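Heads up, the thing below is written out as structure tokens.
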Amino acid sequence: MISLLKAREKLLSPLVSSTIRRLSSSLSYSREDSRDSEVLIHPSAVVHPNAVIGKGVSVGPYCTIGSSVKLGNGCKLYPSSHVFGNTELGESCVLMTGAVVGDELPGYTFIGCNNIIGHHAVVGVKCQDLKYKHGDECFLCIGNNNEIREFCSIHRSSKPSDKTVIGDNNLIMGSCHIAHDCKIGDRNIFANNTLLAGHVVVEDNTHTAGASVVHQFCHIGSFAFIGGGSVVSQDVPKYMMVAGERAELRGLNLEGLRRNGFTMSEMKSLRAAYRKIFMSTETVSLSFEERLTELEQDQELYSVPAVSAMLQSIRDSFTESRRGICKFRQWLDSTT
């Protein structure tokens, strides 16, 4: 009998050990899940009881969270950051010290997931347009994975029928300003002190150097580059580079195109098209419209998607309500 009991104990021992390990592991995961979902609010923070706080949110000292605020799972508010008004932050957003998001205004501020709002940045507040009517709804929508650095200011729209919109994966460096009703695409880099006036449209993959200024209603095409200290008062077509106190076209943004995966063949075609439009060597001088038409009739070049996109970007700039394109340096004494 004793030998039988010993044999049974020997047989069951691995099963018991395995069960204990599974239970221990389960309890460990349970404790980790509990820690991950725990909401940490510093005693000095002011959080309205009607605010919706997700799992794992951390609210630091002296923060303020208003009554209509929604914070997604995993958001972190560093000391003295504040969220006001009808404002929603997606998962894993970070507000650095002194950041202010939202305003007690009709409308809303919506910010997606994984965004960083830098020290003392002000995002989603009333615009500085005097045409804004008190009591009107105004809106700001920001996508995912944006880094908005210290002292930036981003304003809501100036009217209920419009929105200020920022896409995904943008880097907005320190002290930049994005005014009311701007439309910003994806993967743009705005260097320090870039200033965008109201209603500016910036497409995708653009790069502005420091202290660039863009006039209201201008349109910046994809893969464009704006040189440091430039004042842009007209549109910048796709793929082009501008610079100057009154920004002028300085050629194609070839380095930016190369970094973004454009082939040598595509860049060669773009250079040929650019020369036809802006650096024509024809003995008989053609008007700007005639040069565009001539390029459209060049089947070899126009069949390249990048070339046709560049040409369409130029043509769009001359439609009603648009400002035309920045002048080419050799145009300064010309009516074209």
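Cβ from N, Cα, C; glycine included.
For the substrate site, Swiss-Prot lists Q128, D129, L130, K131, H180, Q216; matching the candidates H42, H48, H82, H199 against that entry yields H199. Of all residue pairs in the substrate-binding list (Q128, D129, L130, K131, H180, H199, Q216), the one with the greatest Cα separation is 14 Å apart. The candidate set comprises the binding-site residues K131, H180, H199. Of these, H180 has the most other Cβ atoms within 10 Å. Residues C127, Y132, S158, A179, D181, A197, G198 surround the recorded substrate site, their Cβ atoms falling within 8 Å of the Cβ centroid of Q128, D129, L130, K131, H180, H199, Q216, which are themselves excluded.
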